[in-house]
Amino acid sequence: MAIINMSDLDLQGKRVLIREDLNVPVSNGVVTSDARLRASLPTIELALAKGAAVMVMSHLGRPTEGEYNSEFSMQPVVDYLAKALSCPVRLATDYLDGVEVAVGEVVVFENVRFNKGEKKNDEALSKKMAALCDVYVMDAFGTAHRAEASTNGVGLYAPIACAGPLLAQELDALGKALDNPARPLVAIVGGSKVSTKLTVLESLSGIVDQLVVGGGIANTFIAAAGHNVGKSLYEADLIDEAKRLVANAQSRGGDIPVPTDVVVAGEFSPTAAATLKAVSDVGDSDMIFDIGPDSAEALAKIIESAGTIVWNGPVGVFEFDQFGEGTKRIAHAIADSKAFSIAGGGDTLAAVDKYGIADKVSYISTGGGAFLEFLEGKELPAVAMLKKRGA
């Protein structure tokens, strides 16, 4: 079941409709973080270089579906692309019944969520979108886990549906990390709650050699090991689940190591005083906000010997510097490792930026929810659609 790649197609004179993930933060009509826009430029430029008439669509924010709201307009994205691309770029507000687009220009459709039926993957809407193009390109990994009209339905009805370079790259990198990884395979999963990442932890505990947990998730594992976690965020109802995951990992010769030392404070604030304690010495009024240096060093050693590293989530409240040393040590260990490394998820990318290691990570995933669902072993709806159309 091969997926068709846009880079292999002849697009000369073709009407090409590209679904990108251009959902960027906007303040006072100006894009404030352009990472996703920069990531999409090579795909748009390739379509132009191949002689296509290019149309681009995306959602932006969470407007009420079916209603225009200037706060969520794509205009700031159009302004950005007009500066970044050496061709005319314009916004199309009413496009579903047809749009004029010339070879060598880019027409950006207004926010797809202004269309009623977008999120429900409405068939009539999908067919209208499909009728606008000769070739549909799905390039938005960040929304590949959602079956919506602009990410899924349109691809079922377009004359040709293919993967854009960004999506293809993403699937290649994730496949390399999970389908046939160089061992040992080490996964680092952070975040505040076990419940939100339970299926990821279950899926990974069955394939990785070492599963490292951090953040609030680690607190539940610390409690499962019989230690006091004081007033820390943890999930008492998932302690048995945590014990089962540890037993599962150990039965395969792996492990989920619990921190031996932690950094605690009496309150959650940027000015809270940090205190280093052995994990067995956590008091009733303590809150755990980071792993200690001994634990960080032990994890760094695990990372140093890895063949493949998957990183999703920090191991402490790194936004506050006094609770950031654990995440910083792990970030630098990943940067120094010779392993194939992949990082994904919003907080993880913020940590990658903060510690300046972007160029030392083998692949940085653009997807949050999609990255997690891939780690869970789920087939993403957009990928299933592309496989179906490539068959």
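Using the three backbone atoms N, Cα and C, a Cβ is placed for every residue, glycine included.
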Item to check | Same-site ATP binder from K176, K197, K231, given that Swiss-Prot records E319, G345, G346, D347, T348 | outcome: K197
Checklist entry - The substrate site in Swiss-Prot includes D21, L22, N23, R36, H59, L60, G61, R62, R146. Which of R113, R183, R244 is also listed there? => result R113
Checklist entry - Expressed to the nearest Å, what is the distance separating H59 (substrate binding site) and G345 (ATP binding site) at their Cα atoms? => result 19
Checklist entry - Here are some binding-site residues: N23, T348. Which one has the most Cβ atoms within 10 Å of its Cβ? => result T348
Checklist outcome for this item: Around the Cβ of H59 (substrate binding site), other Cβ atoms found within 10 Å total 26
Checklist entry - Nearest to T348 (ATP binding site) in three-dimensional space, by Cα, is which of the binding-site residues D21, G61, R113? => result D21
Next on the checklist: I need the most crowded of these binding-site residues: G61, G345. Count other C-beta atoms within 10 angstroms of each C-beta and give me the top one.
Outcome noted: G345
Checklist entry - Taking just the CA atoms, what is the gap between K197 (ATP binding site) and D21 (substrate binding site) in Å? => result 23
Checklist outcome for this item: Between the C-alpha atoms of D21 (substrate binding site) and G346 (ATP binding site), the distance in angstrom, to the nearest integer, is 14
